[in-house]
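Straight from TrEMBL, the features:
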- His112, His114, Glu119, His158: Mn(2+) binding site (BINDING)
- Cys33-Cys50: disulfide bond (DISULFID)
- 64-212: domain 'Cupin type-1' (DOMAIN)
- 1-23: signal peptide (SIGNAL)
Amino acid sequence: MAANFVAYLAIFTFTAAFSGALASDPDLLQDVCVALPSSSGGVKVNGFACKDDANVTAADFFFDGLAKPGLINNSVGSIVTAANVEKVPGLNTLGVSLSRIDYAPGGLNPPHTHQRATEIVFVLVGELDVGFITTANKLVSKTINKGEIFVFPRGLVHFQKNNGDKAAAVIAAFNSQLPGTQSIPAALFTATPPVPDEVLTKAFQLGTKEIDKIKSKLAPKS
C-alpha cells in the first residue's frame, strides 16, 4: 500500500512539473472561448468567462492597433501598445499575445517583469540595447538590430534602450493571453498605499528628501 502511494505521488509530481514546464496559461477545453468583459456577469474566474458561441464574430479575433507607431508622450521615451485578451477577446484561453513597443531616440522601456510569461522581441526598425538580470544578479545583454530577436525569460527583470538617434520599434510576443507587467520603479515609488519611506531609504541607502524627489518625478501626471 505504502509503495503504491509513493509511486502515485512520484507520478503526480512528475506530471505536474512536466505540464508546468510546457505551458504558461491553462490549456483550452473547447475550440474558442471568446472573453466576456468582467462587467457583464460579475463572474470571477482565472481568466475570463466565455461568450456564447452564437455571438462570436470575426471582430473578436481582430485588432489593428499594432499597424502604426504609438504616440510617445512620456519622460522615458517609449510606449507599449498591447494586443492581449483585453484588446482581442478571442485570445482567451489561447495562451498567446503580442505588443508593439515604440522608442524615441534615447528612449527607454524601464526595468520591469512579466510574472506570467516569457517574452521574445523582434526588431522592426532601429537598434536597441537590451538585457535581463538573473536571480544570481548577472546581467545578460546585447545590442540587437532590425530583423533580429532577443528572449527575456519569464519573471526576470529586463529592459530595452534605444541609444540611437532615430526611432526604433519591436514586436513582442508572449506565451500568455495576459502576461502582466510590473515596472520596478513604479512598483516601488508609486504604489498605493505607498511603500513606507523607511523601507525605501534603507533599501536604496538614500535620505527621505531623495526618495520624495524620485516619487515626484515618477508620480502619474494628473
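Quick reminder: no glycine exception, Cβ is built from N, Cα and C everywhere.
TrEMBL entries are annotated by machine, without manual review.
Highlighted in sequence order, Thr113, Phe132, Phe152, Leu156, Val157, Pro179, Thr181 have their Cβ within 8 Å of the centre of the Cβ atoms of His112, His114, Glu119, His158, the residues recorded for Mn(2+), and are not part of that set.
Cβ neighbour count for His114 (Mn(2+) binding site): 23 (other Cβ atoms within 10 Å of its Cβ, all protein chains included).
Taking the Cβ of Cys50 (disulfide bond) as centre and 10 Å as the limit, one finds 19 other Cβ atoms among all the protein chains shown. Taking the binding-site residues His112, His158 in turn and counting surrounding C-beta atoms within 10 angstroms, the largest count is reached at His158. Per-residue pLDDT, averaged across the domain 'Cupin type-1' (64-212), gives 97. Secondary structure by DSSP for the domain 'Cupin type-1' (64-212): 22 helix, 58 strand, 69 coil.
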